[in-house]
Every structure is written in structure tokens, then in C-alpha cells.
Amino acid sequence: MLKIIIPTIMLFPVTWCSSSPMIWINTTLHSLLISLAGLLFLNQFNDSNNNFSLTFFSDSLSSPLVVLTMWLLPLMIMASQHHLKKEPWTLKKLYISMLIFLQMFLIMTFTATELILFYILFEATLIPTLIIITRWGNQTERLNAGLYFLFYTLIGSLPLLVALIHIQNYLGSLNMLTMSFCFQELSNSWSSNLLWMACIMAFMVKMPLYGLHLWLPKAHVEAPIAGSMVLAAVLLKLGGYGMMRITMILNPMTKYMAYPFLMLCLWGMIMTSSICLRQTDLKSLIAYSSVSHMALVIVAILIQTPWSFMGATILMIAHGLTSSMLFCLANSNYERIHSRTMLLARGIQTILPLMATWWLLASLTNLALPPSINLIGELFVTMASFSWSNITIILMGLNMLITALYSLYMLTTTQRGKLTYHSHNLNPSFTRENTLMSMHMLPLLLFTLNPKIILGPTY
């Protein structure tokens, strides 16, 4: 793991020692080199002793998420250049440093062996994200969004800390690799129910579960582009990753306790998809679509079958790339039109035809068009939930239908129609933006050719 963490730490001197005009080039190239070196993680064997140490370990669940985190940093730096154009150089360097801190914490969170270390790093990711949202957001509402984000995450995570201390006293160890062997099965008592709730609640807030999702649209809408990208692509996946790890030691309680959460997810999935159909704000629409997709992942994890785990892992990776790309596209519209309202961007296809192609590709992957990995993930989850209960097929089908509707609604509203009078003299799409979109799209297309490398630990 140090071969990734040490080069990431070396990004700090690269950032602060670069001459002002060279910051963007140096940091982008260095972070891209790290992510290309990290691609080797995808081609690994679970039983190799190179992957395990007392502090860090990587297996087929954490590796794709680590690679996704590393792949995203150069993309975030590329996307932020226009947003920071008027900032002084010191603040630009500080902004990039926050992104590097975030990448470092995320990599260590996904590979932590001890659950307490995982918890500390899980909470540490909050600090750079909060600074990015509250310092570099566009409107004054960013402070309110930051407050929501902070308190939802902290209050949701506190019971987890208490539960982990209790398990530490009971077992004497919180090592993820050994816990599943030495942890006795929980009895069906009130104390076990509370322990299960405490362990799972932090991740439910992070995912977020429908009902605990109010911080997400606020944070997404007010965050700058890099904040939105990392929130949608990686921070939501922390919840899914944590749930997959912690449910291994909570059996057989998950079977009994999961029902209300499954109902809430299946209901919330339909509700948030329906909310998307009524949105006028582009970033808000993409944020609500994230809640809908993550509800599918929660359903998959709580069903606890190998197929559902595979579906959850694929969906997390696919959604990370797709939603990040959608936020980049929304940002490129915002840079030209200076509004997030979709109707004001209508007819933009006639001026920016290549950007319209990226919009089409992003919308199609979002609605899970065959043969995209989004579809493979949704099919796995649908089949797993159908074997759990036949009725879920109706809800899953309805969700797929509404997802297709709002994805096409988003595409037609922003791209088609009569051009508005203020849109005639827009900047053309830059090479930087097209490179950015292609680097989101390329992994999605390549994973389609070989999805087994992101099928997770149950494959």
C-alpha cells in the first residue's frame, strides 16, 4: 500500500514547490501517474501475501474502490481549473492540497485492517470535504450545506464508535481479517438489536438511506465541482464498503433486522426517482438520482447473497464514474450559462455538438443501457432481490422505467429545443473538457469488456 500512499504524500511538495503557471500541469501529471501505477491493483489475487499487513490490506472489494479514488484525483484537478481562475495562487495550492488530503484519507480508509483505524479515517475524510464545500462553494447557502453534512455524518457515526469500543472489550481485537472467525453469532436480543443498529447507522447516513438523505442534495448543489465529483463518486461508496465489511460480523442479525430498511430503500428508490422528474436544478437532479442508485446498493448489501454483493460492487463503481461525469457536464454548462436551471441551457446542442455527444453517453449509462456495467449491476441486484421476494420485481422494473424517464428528460431539456437568446455567444468546448469526459467514459467502456475484475469478493 505504501507504493500508493508515499507518492500521494509527495504530491504536497509537488504542489507547493511548483511555479505558479505549472501547478495544474505538474499536479495533474503526477496524480495521473499514481493512478496508472495503481491500476495493477485490479489484477490481483486475494490470497497473495503482498496484499496483507498489520495496518493495510487490499482484496477484490477494496481494490476497485481504491483505483476509482486514484483515478478521480487528476480528473478533479482538471475540472477545477476554470472555477479557480480568479483565485490567488496560494489558495489554488491550498485547494489542490485539500484534494490530495482527501485522496490519502480515502485510500487509507478503503485499505484499513483495524476497524478503529477505519473509523478514524472514515471521519477524517469529513474535514477536507467540509473545507472544500464551505470555502469554495458558489452561494452563501454553502455554510448551511456544510452544517447539514457535518452534523448528519457525526451524529450518525457516534453510535458506531460506542459499538466498536464494546466489541473491542468483548473480543480483544478489531482486526477485520480475524473478526469473522472469532466473533460469536449474535443472539436475538434487544442488546444485539441495538448493537446492529449502532454499527449500521453510520453507513446508512453516508450512503444515504432515504429519510437520512437531506444533507446530500444540499451538499452537492453548493459544493464546487471537485467537491461534487468526489462526494458522488467516492464518499457515498464509503457507506457501501463499510456495510459490506461490518455485516460479515453481524450475522445472523441482518436477516431479522434488515426488513424495515429494505422496505424504506425500495420505497425511497421510487420516491427519489420520481422527485428527479420534477427538478429544475440540474445539480439537484443528479444528486437525487445518486440517492436512488444508492438505495439499490443498500438493498443488495442487506439481502446478503453472493449475487447481490457482486451487484452492489459493480453498481458502486459504475455509479461513481457516471455521476462524476454528469457533474462535470453540469459544471461545463454552468461555466457558460452561469445558471443551474436546465431550461436556460436548452438548444445548446447546436452550439456545442461534441459536448452534446458526451451528454448522450452519460445519460445512457445513467439509465443503464445495455451493455454498460450499470445494467450488469442492476440485473444482479434485481435477480438477487427477486429470489428474496417476488414482489420486488415490480418495484425494480418501475425504478428502471423512471430512471430512463428522468435521464432522457435531463438530456432533452438541456440539449434540445429552441436556443435561448442569451446563449448565442458561448465559449466552445475546450480540449481539457473533452479529455475529462473521455477519461470518465473510457473506464466504463473498458469495464463492459471485462466486468469480472470489479465483481467483488464473492465472485
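Cβ atoms are placed via backbone N, Cα and C, with glycine included.
Listed in Swiss-Prot for this protein:
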type: TRANSMEM; residues: 22-42; note: transmembrane segment
type: TRANSMEM; residues: 60-80; note: transmembrane segment
type: TRANSMEM; residues: 90-110; note: transmembrane segment
type: TRANSMEM; residues: 113-133; note: transmembrane segment
type: TRANSMEM; residues: 145-165; note: transmembrane segment
type: TRANSMEM; residues: 194-214; note: transmembrane segment
type: TRANSMEM; residues: 224-244; note: transmembrane segment
type: TRANSMEM; residues: 257-277; note: transmembrane segment
type: TRANSMEM; residues: 284-303; note: transmembrane segment
type: TRANSMEM; residues: 308-330; note: transmembrane segment
type: TRANSMEM; residues: 351-371; note: transmembrane segment
type: TRANSMEM; residues: 391-411; note: transmembrane segment
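The stretch in closest packing with the transmembrane segment (284-303), judged by the count of Cβ pairs under 8 Å and taken from 22-42, 113-133, 224-244, is 224-244. Here the transmembrane segment (113-133) has long-range neighbours at 52-57, 95, 98-99, 101-102, 105-106, 142, 145-146, 149-150, 153-154, 157, 160-161, 164, 167-168, 174-177, 179, 202, 219, 222-224, 226-227, 230-231, 235, 238, 242, 245-246, meaning same-chain residues at least 6 beyond its ends whose C-beta is under 8 angstroms from one of its own. Fewer than three CB pairs closer than 8 A are found between the transmembrane segment (60-80) and the transmembrane segment (194-214), and contact between the two stretches is not assigned (pairs 6 or more residues apart). For the transmembrane segment (351-371), same-chain residues at least 6 beyond its ends with a Cβ under 8 Å from one of its own Cβ atoms are 289, 318, 321-323, 325-326, 329, 332, 377-378, 400, 403-404, 407-408, 410-411, 414-415, 419, 423-424, 426, 428-429, 433-434, 437, 440-441, 444, 448. Between the transmembrane segment (257-277) and the transmembrane segment (391-411), three or more CB pairs separated by 6 or more residues in sequence fall under 8 Å, so the two stretches touch. A Cβ distance under 8 Å defines the sequence-distant neighbours of the transmembrane segment (22-42), meaning residues of its chain 6+ beyond its ends; these are 3-4, 7-8, 10-11, 14-15, 58, 63-64, 66-67, 70-71, 73-74, 77-78, 81, 89, 92-93, 96, 100, 103, 453-454. Only pairs six or more apart in sequence are counted, and the transmembrane segment (145-165) with the transmembrane segment (90-110) gives fewer than three Cβ pairs under 8 Å, not enough to call it a contact. With a cut-off of 8 Å between Cβ atoms, the residues of this chain six or more beyond the transmembrane segment (308-330) that come close are 61, 64-65, 68, 72, 75, 79, 220, 225, 228-229, 232-234, 236-237, 240-241, 244, 282-283, 286, 289-290, 293-294, 296-297, 299-301, 340, 355, 358-359, 362, 365-366, 372-374, 376-385, 433, 436-437, 440-441, 443-444, 447, 451, 454-459.
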